[in-house]
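**Q** First the structure, which I've put down as structure tokens, then a few questions once you've had a look.
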Amino acid sequence: MYRPVNHGYIEAIIGPMYSGKSEELIRRLKRAKIAKQNIVVFKPTVDNRYSKEDVVSHSGDSIEAIPINKSSRIYDLIDEKTQVVGIDEVQFFDEKIVDVAVDLADKGIRVIAAGLDMDFRGEPFGPTPKLLAVAEFVDKIQAICSVCGHPATRSQRLVDGEPANYNDSTIKVGAVESYEARCRKCHVVKK
Ligand code: ADP
Ligand code: ZN
């Protein structure tokens, strides 16, 4: 894929859980590092720790990232030398993340954002849909359906091994929650 040099733009990497979004994000960021570019990577956090943590893929690759709880924090943590900004789990950020990504791209930064396009119900997830609309490049990638082995586009939420209900946003204490990649046909949302 052709990508202009010294121009800002937005790349979005989307798909269900286990589709390799983090793997692809890490791959692109590592290549930017090899090109001696100045990169900063962010991921969402629920608390106020700003310690360095890694973005880790299910296959074990990792890259150093800064956990932040508000998209505007990105401005405090980049500087005029920053050329590439990576963002993982973009669906968990506030809606302002889209404006921040656009602003950084306008300023000449390459923004690479990875995240879930749909929630466990199969509905568009948080700021991701808006980000896709303004991105120059979108890669929608698939996992493997854990039921039938076909390409999986959805994330199946299970509570104690059973498909979760549409309205289950939190689960009962003691219940075990898990996720699987599934295709449209095998994806189940109980109503
Ligand atoms: P994501 O960020 O999209 O959740 P990761 O990049 O963390 O995905 O992990 C992708 C890796 O997960 C694959 O390379 C593979 O090793 C592993 N994996 C586990 N389950 C599946 C599955 N059902 N489909 C595809 N890959 C899977
Ligand atoms: Zn299937």
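Quick reminder: no glycine exception, Cβ is built from N, Cα and C everywhere.
Per TrEMBL, the features are:
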- GLU89: active site, proton acceptor (ACT_SITE)
- GLY15, PRO16, MET17, TYR18, SER19, GLY20, LYS21, SER22, ASP88, GLU89, VAL90, GLN91: ATP binding site (BINDING)
- CYS145, CYS148, CYS183, CYS186: Zn(2+) binding site (BINDING)
- ILE171, LYS172, VAL173, GLY174, TYR179: substrate binding site (BINDING)
**Q** Provide, as an integer number of angstrom, the distance between the C-alpha atoms of GLY15 (ATP binding site) and LYS172 (substrate binding site).
**A** 28
**Q** Looking at the recorded positions MET17, ASP88, GLU89, LYS172, whose Cα is closest in space to that of CYS148 (Zn(2+) binding site)?
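**A** If we rank MET17, ASP88, GLU89, LYS172 by Cα distance to CYS148 (Zn(2+) binding site), first place goes to MET17.
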**Q** Starting from the Cβ of LYS21 (ATP binding site), draw a 10 Å sphere and report how many other Cβ atoms land inside it.
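**A** I count 28 other Cβ atoms within 10 Å of it.
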**Q** Going by C-alpha positions, which of the recorded positions (MET17, ASP88, GLU89, ILE171, LYS172) is nearest CYS183 (Zn(2+) binding site)?
**A** MET17
**Q** Hey, which of the binding-site residues GLY15, GLY174 is the loneliest by Cβ count within 10 Å?
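**A** So among GLY15, GLY174, the binding-site residues given, the one with the fewest Cβ atoms within 10 Å is GLY174.
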**Q** Based on Cα distances to CYS145 (Zn(2+) binding site), point out the closest of the recorded positions MET17, GLU89, GLY174.
**A** MET17
**Q** Based on DSSP, name the secondary structure state of GLY15 (ATP binding site): helix, strand or coil.
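**A** Where GLY15 (ATP binding site) sits, the three-state DSSP reduction gives strand.
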**Q** Going by Cα-Cα distance, pick out whichever of the binding-site residues ILE171, LYS172, VAL173, TYR179 is nearest to ASP88 (ATP binding site).
**A** TYR179
